[in-house]
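These notes concern the structure reproduced below.
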Amino acid sequence: MTPFSCLPCARSTTSPDAFLLRNPHLRLPKCRHYEHQLPKIENLMFRPFQVPTRPYLPILSLRNSRRTHPCANISSFAEAEGGKEQNDEAIHLGTRQEDAKPNEEYLPGMAQAFNISSRTASAIAIFIAFAALTLPFFMKSLGQGVGVKTKFLSYATLLFGFYMAWNIGANDVANAMGTSVGSGALTLRQAVVTAAILEFSGALLMGTHVTGTMQNGILVANMFQGKDTLLFAGLLSSLASAGTWLQVASYYGWPVSTTHCIVGSMVGFGLAYGGAGAVFWTSLARVASSWVISPVLGALVSFLVYKCIRRFVYSARNPGQAAAAAAPVAVFLGVTGISFAAFPLSKSFPIALAQALGCGAVGAVLVYNLIRKQLGHLLEKSASSHSEPQESNTQTKNLGLLSDVAGPKGTQLEIVYGVFGYMQVLSACFMSFAHGGNDVSNAIGPLAGALSILQGGASSAEIVIPNDVLAWGGFGIVAGLLIWGYRVIATIGKKITELTPTRGFAAEFAAASVVLFASKLALPISATHTLVGAVMGVGFARGLNSVRAETVREIVTSWAVTIPVGASLAVLYTWILTKLLSFIL
């Protein structure tokens, strides 16, 4: 009998009956060729088995769409280039654009998302829960030589911090990996494993060791002098309220800013228990302005980057060679800018600039060698077989930056996607590492402040964060990423607009550049909002209809209510915690 394959998971079988019997969790959907007493829907079909050249993710396919991701190959991309729209990848991985509408998304559980058994998924969840409950007993930050009540409160504080870090991992890690998964540069498993290693390493190695008691200059610290119990309750309520809203947002796949969650919680606590004078309103206004500045800048830069790729790579006589030549240049500029602005190796400007240029040159050489090693055979093939008429050069010269350019096909398209796929993975790795070092402070900052108050450090202006607390925050981020991270990754990667390696690279490169330089210029910026805007920008570059308005409305609404919801929950949680602390202390 002819073997069949199930498109969501690409498993082969000899008959639909045998397949459904061996996979009872897939009994709900049914094949249109298969008569059974189950509702007929179209997200499970059987067709002659093919070995997928680029594995894709069932969690990113629409319930009512006719996607054929697991069986897609490079010809799927090539066919897109000759369409009426003249867009690259208009039929992305076998997807027809008319089907790419904002239908209801299919978000399975952890087992289906990672294509593992439900027992394995349950074992992972149980292990993480057990580790979260037991590891605090082995941490020095739990307190040595303190009373039972203080140890109990320290233990509860560490759990509050873990809860916040867990939700940061579930929501914010999509900033780094969502576009890579959506474009097919990485599978979900590869993205999660890579992000887990880099996020934990960034949190432990790059996480700030000094934090202020009042996060981000939002609250006036003098308003709470001598009120250590109230401040302790406020810090815990901030972690709980921000974590609660992040969990709700992650459940629905909304990418929201973890910094804004903490800010909203702090504002609610400050207004309720310190009055209007306890809040720096100018700082709050700067945060609110980032709702507009971040996505607009991200969209503008990604629009220009993507148009440059189409103009100077796609319209080149040999697009594959042009992409291979452009990659080391982009890496040189990116690594040099990052090394100089974010990680200056010296306080002396000439020395720091020279070192940054050296790092950029090393990165460019490594990428050049990688591309030549992995794609050299294709580059040689394209160079030997390429024969374009000379008139094409005249047509290319007349093209403007905003002109529509038909993309490459066949081997040329394979080279272009291979090059930008490597570039996208590299940018995603850097963003993961930087995110772990930066955003872990949203969880461990209030956590360290609360522990300092409990263990006699009081509310000093600066609090030293121990290494075990940094590692604890990194573990929480990794745990959240493993269990729920795929939900927001699906939104960033597929629900806003269709992504490919070129579009994904344009979005990530633009977002990283905007965040880097805006932070250096002290502009109010949000990495989450910037990346969402960047993804929208590459969609706008293909036409307004390429961006799903319904998804964008949901995301923007979740941004607008983040601070009010965080503030309201913080007031409620602070009231509850002050009542409980009055009985305990």
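Numbers run from 1 along the shown chain.
The backbone N, Cα and C atoms fix where each Cβ goes, and this holds for glycine too.
Note that TrEMBL annotation is computational and uncurated.
As annotated by TrEMBL, transmembrane segment applies to 120-140 (among others).
The feature transmembrane segment is assigned by TrEMBL to 152-170 (among others).
For 191-210 (among others), the entry in TrEMBL reads transmembrane segment.
The transmembrane segment annotation in TrEMBL covers 230-254 (among others).
Positions annotated as transmembrane segment by TrEMBL: 261-282 (among others).
Summarising the annotation, TrEMBL assigns transmembrane segment to 288-309 (among others).
Per TrEMBL, transmembrane segment is recorded for 321-343 (among others).
Under the heading transmembrane segment, TrEMBL lists 349-371 (among others). Through the fold, the transmembrane segment (349-371) approaches residues 324, 327-329, 331-337, 339-340, 418-419, 422-423, 426 of its own chain, all at least 6 residues removed from its boundaries and within a Cβ separation under 8 Å.
Residues or ranges marked as transmembrane segment by TrEMBL: 415-434 (among others).
Panel annotation: around the transmembrane segment (469-489), residues 59, 107, 110, 113-114, 124-125, 128, 131-132, 135-136, 139, 141, 158, 161-174, 177-178, 181-182, 188, 191-192, 195-196, 199-204, 207, 209, 249-255, 436, 439-440, 443-444, 447-448, 451 of the same chain, lying at least six beyond its termini, place a Cβ under 8 Å from a Cβ of the stretch. What TrEMBL records for 469-489 (among others) is transmembrane segment.
Residues of the same chain lying 6 or more positions beyond the ends of the transmembrane segment (556-576) and with a Cβ under 8 Å from any Cβ of it are 230, 233-234, 236-238, 240-242, 244-245, 249, 252, 254, 256-257, 260-269, 271-273, 284, 287-288, 291, 529. Sequence annotations record features per position, and here TrEMBL assigns transmembrane segment to 556-576 (among others).
Tertiary neighbourhood of the transmembrane segment (415-434): same-chain residues 74, 77, 173, 175-177, 179-180, 183-186, 191, 194-195, 198-199, 201-202, 206, 309, 313-314, 319-321, 323-324, 326-327, 330-331, 334, 338, 342, 367, 370-371, 374-375, 378-379, 382, 407-408, 500-502, 504-505, 508-509, 511-512, selected by CB-CB distance under 8 Å and a gap of 6+ residues from either end.
If you count C-beta pairs under 8 angstroms between the transmembrane segment (261-282) and each of 120-140, 152-170, 191-210, 230-254, 288-309, the highest count goes to 230-254. Counting only same-chain residues 6+ beyond the ends of the transmembrane segment (230-254), those with a CB under 8 A from a CB of the stretch are 105, 107, 156-157, 160-161, 163-164, 166-168, 170-171, 213, 215, 224, 261-262, 264-266, 268-270, 273, 442-443, 446-447, 449-450, 453-454, 459, 480, 484, 487-488, 490-491, 495, 554-555, 558, 562, 565-574, 576-578, 581.
Panel annotation: around the transmembrane segment (288-309), residues 257, 326, 401-402, 420, 502-503, 505-507, 509-511, 513-514, 518, 523-526, 528-538, 540-541, 559-560, 563 of the same chain, lying at least six beyond its termini, place a Cβ under 8 Å from a Cβ of the stretch.
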